[in-house]
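Participant: Can you keep this structure in mind? I'll have questions shortly.
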Amino acid sequence: MAAGVEAAAEVAATEPKMEEESGAPCVPSGNGAPGPKGEERPTQNEKRKEKNIKRGGNRFEPYSNPTKRYRAFITNIPFDVKWQSLKDLVKEKVGEVTYVELLMDAEGKSRGCAVVEFKMEESMKKAAEVLNKHSLSGRPLKVKEDPDGEHARRAMQKVMATTGGMGMGPGGPGMINIPPSILNNPNIPNEIIHALQAGRLGSTVFVANLDYKVGWKKLKEVFSMAGVVVRADILEDKDGKSRGIGIVTFEQSIEAVQAISMFNGQLLFDRPMHVKMDERALPKGDFFPPERPQQLPHGLGGIGMGLGPGGQPIDANHLSKGIGMGNLGPAGMGMEGIGFGINKIGGMEGPFGGGMENMGRFGSGMNMGRINEILSNALKRGEIIAKQGGGGAGGSVPGIERMGPGIDRISGAGMERMGAGLGHGMDRVGSEIERMGLVMDRMGSVERMGSSIERMGPLGLDHMASSIERMGQTMERIGSGVERMGAGMGFGLERMAAPIDRVGQTIERMGSGVERMGPAIERMGLSMDRMVPTGMGASLERMGPVMDRMATGLERMGANNLERMGLERMGANSLERMGLERMGANSLERMGPAMGPALGAGIERMGLAMGGAGGASFDRAIEMERGNFGGSFAGSFGGAGGHAPGVARKACQIFVRNLPFDFTWKMLKDKFNECGHVLYADIKMENGKSKGCGVVKFESPEVAERACRMMNGMKLSGREIDVRIDRNA
């Protein structure tokens, strides 16, 4: 409340200046001496300040001194009790009540505790005596005197620490998931972020220093770029002229915070706007936990920025273990969950588990330097093996012949354990992948892949091409041994029927887990959208000549050699007995509705139009909406000879889904005119009725992309629309 009083006084102090600038009548005094009216002027200003102070809050304040309050803190309240019922109970048992606030969580549910204020100290003491241990809906209330708000503050801190909020350093995730772009934004005060996390922030912003010709329509037009504006007002003086002050109310609190970030300090008609939260939108009461600065060692004056996101320090020990993204979220919520979760998917505690741990390394801060080192070592080993291929291949044929009996033994206890492992592991796939989706939301460091991949150019891929050429020659000498291997695999697979039968049953249980993958994969799509920086183009261009040489090597490995591998022995009788029919119908059909829309949304946002390939390696060119994929890279992937299409032309048309069915093309055009000049708008119709989707064409790709950023997720008549670039335009 003290903050509200100061804000009201500040606004009142600026009002005379506004009136003078707008040409409001001012009382002059001759020869610089204060006249009789001039002597009354300070008294009038003081009265105006007092009036504004009384009017400052949206609740009745019974105390002249706002720091002196007679409050009681009540806990163990049944969760279904509303604040009005609690107020009636206290009024009946104690007497007059001036203020009741039931503490709520982010979803609007009661936390089981409340703050009750009284006008007199005797009422506060009586409440602690009478209501303590009073049974309400079978639960004994716990009532304590709390004049300084200390009990309420501790309760809030305890609740927020349980949910991962305060006490975890700046940026810790609170009761509402706040994007890092807001947490680390210097334009937004910390108290506003804390109130937003607690779900106790209003949706109204206060705008000052407006040009006097700005009306409410212009104000609404400007601030609509930050969100859905419910109401916009310009404050006027007694003559009906603008005072250069406005108030804008949004549909959601986060839109108001976004407006502060977007417009505070920006010029409107050559005047910088001052945008802040309206004092009535800030949370009431002083029991909200204040921000506590990080405790520093004695004698240390301060610290600079760490190397992690948002200036957070990183843990070097975690980096060496491959979990460097542990500090990605400002509260230490990181990517180690991915490596750990994937490692548990199939109960893979054996050799597979060791391999899957590398997923944690890849996710950890996109540690591309480590990948470079691994690839370099692998390529060197491949080159050495290929150089020995002339004599070594001949020696390896008897070894491959001896693989047949070994493969027979694979299908016994090993395959049965695999079935059991899959059964336990697949049940956890859904929850683990959900955690992957949440973490991918925070993968702001994916944008650094471009610069990291650029370092992969001179990795020694030339050695890889020459090695593959030698592998082609070696494969020609392996044929007879592989034939016998095929025979052994045929017998082995016949014994795999029973374990695979059990795999079919476990995959049926995957349905519910995969259904939870939808939102996660959609969030992964948003992150993947940032994975095509310009740095990737320059590095991949260097791979063009190398890929040409790899094509000739791959040709030598195909056709004749693979035909001699005896794989036909694996078909018919053995595969028919594998129980794969259990994997259809009930299980895989449930995977379709969950993965279909989600994968569609995620892959479309990746901006990749992947084709096949032609000539020696692939048939069609890779089309990428973003990135500089020209030159030799396009030539190698575009087939032998000629230049591939390379960069796809950016589209100027967007596709809008989930529109209200009463929305017309004119309404659609008017709505998207806020983003830029619309050339064409249309609603898709079927049998004369709207299909709930439409297209909008702009004059440039940049305007189309801006429309996607501004309008995607906006609510129209209660429906959240989906806006994306129309690839088919």
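Cβ atoms here come from the backbone N, Cα and C positions, even for glycine.
Straight from Swiss-Prot, here's the annotation block:
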- 1-13: compositional bias 'Low complexity' (COMPBIAS)
- 37-49: compositional bias 'Basic and acidic residues' (COMPBIAS)
- 432-437: repeat '5' (REPEAT)
- 452-457: repeat '8' (REPEAT)
- 467-472: repeat '10' (REPEAT)
- 474-479: repeat '11' (REPEAT)
- R495: omega-N-methylarginine (MOD_RES)
- 499-504: repeat '14' (REPEAT)
- 506-511: repeat '15' (REPEAT)
- 527-532: repeat '18' (REPEAT)
- 539-544: repeat '19' (REPEAT)
- 546-551: repeat '20' (REPEAT)
- 553-558: repeat '21' (REPEAT)
- 574-579: repeat '24' (REPEAT)
- 580-584: repeat '25' (REPEAT)
- T664: phosphothreonine (MOD_RES)
Participant: For the repeat '21' (553-558), would you mind checking the mean pLDDT of the predicted model?
Facilitator: 54
Participant: Counting only residues 6+ apart in the same chain, whose Cβ is under 8 Å from the Cβ of T664 (phosphothreonine)?
Facilitator: I683
Participant: If you run the three-state DSSP split on the residue listed as 'phosphothreonine', which class comes out?
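Facilitator: Where the residue listed as 'phosphothreonine' sits, the three-state DSSP reduction gives coil.
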